[in-house]
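Have a look at the structure below, then the notes.
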Amino acid sequence: MSLISQAGPSYRLPAELTHCKTGQNVVFGVTNSIEASKLKETCVRFSSLSCSSIKTSWVPRESVRIRRGSQMVVAASPPTEDTVIAAEPLTKEDLVGYLASGCKPKEKWRIGTEHEKFGFELGTLRPMKYEQIADLLNGIAERFDWEKIMEGDKIIGLKQGKQSISLEPGGQFELSGAPLETLHQTCAEVNSHLYQVKAVAEEMGIGFLGIGFQPKWGLKDIPIMPKGRYEIMRNYMPKVGSLGLDMMFRTCTVQVNLDFSSEADMIRKFRAGLALQPIATALFANSPFTEGKPNGYLSMRSQIWTDTDNNRTGMLPFVFDDLFGFEQYVDYALDVPMYFVYRKKKYVDCTGMSFRDFMAGKLPCLPGELPNLNDWENHLTTIFPEVRLKRYLEMRGADGGPWRRLCALPAFWVGLLYDEISLQNVLDMVADWTPEERQMLRNKVPKTGLKTPFRDELLKHVAEDVLKLAKDGLERRGFKEVGFLNEVAEVVRTGVTPAEKLLDLYNGKWGQSVDPVFEELLY
């Protein structure tokens, strides 16, 4: 889910740096004294909204770092007072420019993989408590040289280079991987992460489960993580949908983040990703159990998103409009209700209010206050469509699963979206799919997977064509990455999803108990 990048990357702003002048230029100040001296007498003027002509400059987003003994500690979600603060009001052009600043030439495209997993006590199968998670995080930090991420006096994550480990609301353990060039590097990163986690966790009697939905325990059994923004979300979710708390506390996903070279490239990849997201959901469907019994779905995780908060989820039909681009996504995001604003080291509850009102200084929770780009970045991460736009595109439709599938998901999307021929073939394939058909697939796939009827055939046959395009795209990349698709190739060949295999085991040798799934899908 990754609501906020903890102590995240530097801001990259589409800008020309000029000496400060009056007029419409956007001026930034940084109260951190080091950065203030660097940026004194400097302001930022957005030069253009087209990717091809943007000049970029890096303005650091400083995290607060404190040494404790030999350990480096990173304060979580650094307060805006310590980051980049707009001295003049942001304009819509600034928000559009922020998204456009993600444009990169093809040689700089990277692969970023994120995956979540459930930690549990090997003896009881119960979810890890926060105290156990804290011990685990401290153990990984000390043994493998990670920096600790703190919220107050609570450890809530780790950071090492461009990788981070964070906690989802119910203690789901997430690796947000570094931007990497090849799928071999991605899979090596996953393996290294799982080795480190297991090395510490096994000594504690803790295991990790690769599945899309908590198979055994109810909401009342899930521990709540001590993170301020999750408390705000927990109070808000029941007001906007019936399954939001399940999403927060009982789901796990794997997703891949991919780059684009221009606004036109972003549009093409966004459309291809949205249209095919239900196929990814089917291929990786892996959440058929709820509280010890089959729940009637192959991807309960995907189904939960249909009644979480419809203001911020879904298939975004406007992406297929002729006029779609960065500006239209900004218009959408401006009206998605906010969750919070971070001020004075606290999360201010702004639920239900819009960023558009914030831009006008009309937030009842912060009367007269105006947003900065840190606020905009945070807001973008609280929007949850099937494909999400930030300064890159996130493919969000897959269930969590065992480690081989963690490498297969990025392979699937890289083969389709990072190869021009495969991307164009996908766009040709989906060009005449109607909004109703795309929504139908989104609605039915969580229940029927590859057996979902589509036009005159089953979705399995569409998936066969799509998998061929993914393989061809990986072949043309020239990195010998096609083998990472073996996990999904078997699913496509048989039409049997991972969830259906679990159900067969449940109804067969498991004797209608879900407990064996904790061993079957143990990392």
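Note: Cβ is positioned from N, Cα and C throughout, glycine not excepted.
Curation plays no part in TrEMBL annotations; they are all automatic predictions.
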Among C51, C103, C187, C252, find the residue that TrEMBL gives as the disulfide bond partner of C407.
C187
Need the cross-check against TrEMBL: the disulphide partner of C350, picked from C252, C365.
C365
Given a 10 Å Cβ-Cβ cut-off, pick out the one of the disulfide-bonded residues C187, C350, C365, C407 that has the most other Cβ atoms nearby.
C407
